[in-house]
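Colleague: If you scroll down you'll find the structure; I have some questions about it.
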Amino acid sequence: MAQLVEDWYKQMPLITRSYLTLSVLTTVGCALDVISPYHIYLNSEKVIRHFQYWRLFTNFFYFGKLDLDFLFHMFFLARYCKLLEETSFRGRTADFFYMLFFGGTLLTGVVLLGGMFQLVSESLARILFLSNSLTFMMVYVWSKRNPHVHMSFLGLFTFTAPYLPWVLLGFSIIVGSSPWVDLLGMLAGHAYYFLEDVYPLMTGRHFLKTPAFVKALFPEDTVVVPRPANDRWAVGVDGDRREDAQRAF
């Protein structure tokens with residue numbers, strides 16, 4: 001059993017393995033009081049006035065208590081982060097890293113700037129960690145890039161992948177969780193999907209081009225996955241993705 005887990009872990013692509021490892025270590029460290037959540041949560045005042053810039057990153061690695069909800073999010077992180085990195089981002093580690101950087105930056109900006117608007121300030125002020133939102137962003141991007149994959153939710157009903165974020169949002173509301181976390185992830189995911197997959201087709205311009213210094217961090221990227229030229233909704237989807245993608249739950 002231990003060997004199977006070790007093999008599964010080693011077979012993960014770089015970004016997925018790194019993010020999963022940091023998330024588990026951070027969450028377990030907080031549970032064991034090795035790390036205090038109060039030292040890593042997102043706080044604009046401490047970032048700006050006390051120069052605690054690490055909070056801009058560490059808040060993405062804490063997933064709360066070690067309970068069923070934690071396991072649920074680790075499953076989604078390991079699954080959809082891995083699926084994205086192995087399919088549409090195969091051989092494009094730098095681009096995948098830049099997608100997460102874009103999503104994290106957008107989420108942080110929305111939470112910090114959204115506090116200035118009375119309508120949403122109270123709800124956004126309660127969001128201290130953006131880890132769940134970033135995971136939800138990956139689920140959203142994967143679902144938009146796999147429109148024909150059929151899925152089943154707890155064996156109760158079936159649907160196609162683009163409805164997965166909405167099903168999960170509805171489930172969060174049913175169990176009493178705040179919908180803002182999921183909505184933020186959907187916002188970041190849709191922003192990336194539009195700018196990366198839709199906007200270039202509309203204008204011929206690629207707004208989210210990965211900077212050269214980011215590509216220099218991942219020199220092992222040698223395989224380029226071509227974009228389908230005549231499939232509007234399959235941009236960024238390589239030919240074998242639908243074979244690799246499996247039904248969730």
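Backbone N, Cα and C define each Cβ position, glycine as well.
Annotations per TrEMBL:
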TRANSMEM  20-41  transmembrane segment
TRANSMEM  53-76  transmembrane segment
TRANSMEM  96-117  transmembrane segment
TRANSMEM  124-143  transmembrane segment
TRANSMEM  163-195  transmembrane segment
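I would like each feature placed in context: is it buried or exposed, what are its neighbours, and how far apart are things?
Modeller: Taking Cβ pairs closer than 8 Å, the transmembrane segment (20-41) reaches residues 12, 54-55, 58-59, 61-66, 70, 74, 77-78, 81, 128-129, 131 in its own chain, all 6 or more past its ends.
Proximity of distant same-chain residues to the transmembrane segment (53-76), defined by a Cβ-Cβ separation under 8 Å and at least 6 residues beyond the stretch ends, is recorded for 19-20, 22-28, 30-31, 37, 40-43, 46-47, 104, 108, 128-132, 134-136, 138-139.
Here the transmembrane segment (124-143) has long-range neighbours at 23, 37, 41-43, 59-64, 73, 76-77, 80-81, 83-84, 99-100, 103-104, 107-108, 110-111, 114-115, 161-165, 168, 178, 180-182, 184-186, 188-190, 192-193, 245, meaning same-chain residues at least 6 beyond its ends whose C-beta is under 8 angstroms from one of its own.
Only residues 6 or more beyond the boundaries of the transmembrane segment (163-195), in the same chain, are considered here, and those with a CB under 8 A from a CB of the stretch are 99, 102-103, 106-107, 110-111, 120, 123-124, 126-127, 130, 132-141, 143-145, 151, 153, 207-208, 248.
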